[in-house]
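So that you can see what the record holds, here are the features copied from Swiss-Prot:
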BINDING   Cys70, Cys74, Cys77  [4Fe-4S] cluster binding site
DOMAIN    56-298  domain 'Radical SAM core'
Amino acid sequence: MRDWKRLHATLDAAREGREMTVPEAAFLLGQTDPAARELVRSAADRLRAELVGERVSYVINRNINFSNICVQHCSFCAFRRDAQEAGAYSLDFAHILQKTAEAVASGATEICMQGGLNPAVRGAGGRVLDYYLQLVDAIKAPFPRIHLHAFSPQESFFIAREDRLPIETVLAELRAAGVDSMPGTAAEVLHEPVRRRLCPEKLSTLAWVRTVEAAHRTGLPMTSTMLSGHIETAMHRAIHLGVLRTIQKRTGGFTEFVLLPYVGLAAPRALRARVGRDQPELADALLTQAVARLFFGRSLVNHQPSWVKLGLEGAGEALRWGCNDIGGTLMEEHITSMAGARGGTCQTPEALRAAVFQAERTAYQRDTLYQEVAAESIQPAASLKSAAR
């Protein structure tokens, strides 16, 4: 069959190191035959072994979603609330500090922090940016050594728009205050027709790209992500991967690729009906992980599944499909869990290592930037120790 010849030719070219095209990636993503998918899996697994070996990394971190009050209305989001709506919350700085202290006491090396978009944090005559700088200081003043992985491109763009500041100014001030890296979320699918249906109030593809590249120029590394398994096609996914690879070749600022399969149990009825399922399809997610590994090649070597969305067993299976990282402990998670995910909100380092062992690989602890670390705690400042007594 012609398609089998094309499949072998595409995989052979990837194995030889030729850069995969967007149409080739779409072709692989469209494979439904189990035998064809196994060929893709095997090719991705071989490339993973060649690029990063047999060891699998994990990070001890805590996720803090500091507020769910948000002015935007993304069609898939069950997390956001209006300010006066039941269930709306905004953590005060003392609560955020408490969560950080608990994480540090548990050996965390990273705090990941994101929240809703709330113009009311501006205060009387102040800047929205000032609130975010205070958030950063609440963590970094007592814990200067903790790695702060905070604020998506959408959050940075929101601050710049509200305060009428250049995005470069916002990013520079956040970095100077203590933000060490950023989550590359709010990407969803970087294809405008899809974005207009899925999240029309979010920043555009072009604005996302410009914000990300500005962050990289500012010295802020970032994860890269894709929200898959909703209204997009195989070609849309491939186009998205192409946008990410183009950025990576220009800046080298992405640390990893994380696939975020759509969870829609609590999504609006119209979107649920259109997608036709509420939980991720594991086989589809695994194929996408494998194609991403082949597509990025040497330009982006760290690949992570989402155990929150796939469950730890599914994430462990992804280690056979090109992934070399099992993710973080998180300690808590609200955005995906409120959407109806069944993967849980917290994992212990022991559970992550066990999942890696189950996949017949060796686990090691890393930091946010994929440097191996020894298990250690970050000691709080003396003032915090005194306050805790």
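Using N, Cα and C of the backbone, Cβ positions are placed for all residues, glycine too.
Annotated [4Fe-4S] cluster site Cys70, Cys74, Cys77; additional same-chain residues within 8 Å of its Cβ mean position, judged by their own Cβ, are Gln72, His73, Phe76, Phe79, Arg80, Gly116, Cys199. Mean pLDDT for the domain 'Radical SAM core' (56-298) in the predicted structure: 91. For Cys77 ([4Fe-4S] cluster binding site), the count of additional Cβ atoms within 10 Å of its Cβ stands at 18 [all protein chains shown].
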